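Taken from Swiss-Prot as is:
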- Glu91: active site, proton acceptor (ACT_SITE)
- Cys344: active site, S-methylcysteine intermediate (ACT_SITE)
- Cys111, Cys115, Cys118: [4Fe-4S] cluster binding site (BINDING)
- Gly165, Glu166, Ser197, Ser219, Leu220, His221, Asn301: S-adenosyl-L-methionine binding site (BINDING)
- Cys104-Cys344: disulfide bond (DISULFID)
- 97-339: domain 'Radical SAM core' (DOMAIN)
Amino acid sequence: MTTNLLDFDLEGLAAFCEQLGQKRFRATQLFRWIHQKGASDFEQMTDLAKSLREKLAVSAHIQGLNVVSRHESADGTIKWLFDVGAGDVIETVFIPETDRGTLCISSQAGCAVGCRFCSTGHQGFSRNLTTGEIISQLWFAEHFLRKHLGRNERVISNVVMMGMGEPLQNYSQLLPALKVMLNDHGYGLSRRRVTVSTSGVVPMIDRLAKDCPVALAVSLHAPQDALRSNLVPLNKKYPIAELLEACTRYQSAAPRDFITFEYCMLDGVNDQPEHARQLVALMKTHAANGLSCKFNLIPFNPFPASGLLRSDMPQVMAFAKILMDAGIITTVRKTRGDDIDAACGQLAGDVQDRTSVDQRMAAQRQGMLGGIKVVVVNGDTA
């Protein structure tokens, strides 16, 4: 059996090349061919010696995932279904904007967290994806889109680990994939443009801060433990206080000076004025310990098994106003891709909004945001 080179970060690929009797710099050449040029045939790699190409041909391969289907939304959003074997499929979503392209990547086939408002969680958990299966989504999408859009430059500028699965419950495979995304010989993405979204796996938030601090988004969805435990069962193990303490620790290492909290707006469940006021009190308590945050309010995308309904827009905007009046940066999601079931919650999380807010965050810390209006956004980190 040969080795799939998509399973390696650069360090792993260098070790593999050494096993073939090659110097480590050959791994950099090989890495560039795979990730920057999208090569899958060693004979394309003309700056590698023929003897090395022959060794690679008998010991390795470059194999992405098989595409089951591709769906394109009226708004330009593209969703792919990939076959990962044993009857499992995963979903990957590309969200185009005028100044950026965001890819939402899955980390697991299914999800074990079981959030009430997420259709993937209702499907149950099958297995973790390998590093190669995670990075294959980016590898395929980037090079497909270059051809599809007729572009010779990078199309995907931002990656969000917000597709199917809880990324931090697949940490050993996630970490090398993140390193490939960030490596200048791979995709060269900045840490600010790669976001890991988590439902709150506290020990792994601390590990990510140490190993590979990228932008962090946390699925909060409630201001107090009883309600959050009902919506996000993982809260029973890692309650809100522990989660926010971990977020404060993470912030000291993070590439951005704030943590994004995702909040799915559920009619009559977590969208009342008292919930907003409880959030304000909660954030003020932790701000005293150094936590800076941004809230992203997400209109719920209903599905039959949930038994939940979407908050109407006036209720969402009233909720946002309470947060904003308290000086908390707040955005409201504009749904994308819902006509192809690619919107938030129809996979396993947030796929769109990581808007650039550096100046407003600085103003928030100075308590200057009382009169700023709520912004409806649909982009990714600039």
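Note that Cβ sites are derived from N, Cα and C of the backbone, with glycine treated the same way.
If you measure from the Cα atom of Cys111 ([4Fe-4S] cluster binding site) to that of Gly165 (S-adenosyl-L-methionine binding site), you get 4 Å. Binding residues for S-adenosyl-L-methionine (Gly165, Glu166, Ser197, Ser219, Leu220, His221, Asn301) extend across at most 19 Å, taking the greatest CA-CA distance.
DSSP gives Glu166 (S-adenosyl-L-methionine binding site) a coil state; it is part of no helix or strand. All chains included, 22 other C-beta atoms sit within 10 angstroms of the C-beta of Asn301 (S-adenosyl-L-methionine binding site). When the binding-site residues Ser197, Ser219 are compared by the number of other CB atoms within 10 angstroms of each CB, Ser197 has the fewest. Of all the recorded positions listed (Cys104, Cys111, Cys115, Cys118), Cys115 has the fewest other CB atoms within 10 A of its CB.
Listed in sequence order, the recorded positions from Cys104, Cys115, Glu166, Ser197, Asn301 having a Cα within 10 Å of the Cα of Glu91 (active site, proton acceptor) are Cys104. Taking the C-alpha atom of Ser197 (S-adenosyl-L-methionine binding site) as reference, the shortest distance to any of the recorded positions Cys104, Cys115, Cys118 belongs to Cys104. Separation of the C-alpha atoms of Cys104 (disulfide bond) and Gly165 (S-adenosyl-L-methionine binding site): 12 Å, rounded to the nearest whole number. If you take the C-beta of His221 (S-adenosyl-L-methionine binding site) and look for same-chain residues 6 or more apart in sequence within under 8 angstroms, you find Cys115, Phe117, Arg228, Leu231, Val232, Glu262, Tyr263, Cys264, Asn270. For the binding-site residues Glu166, Ser219, Leu220, a Cα to Cα distance of within 10 angstroms from Cys118 ([4Fe-4S] cluster binding site) holds for none.
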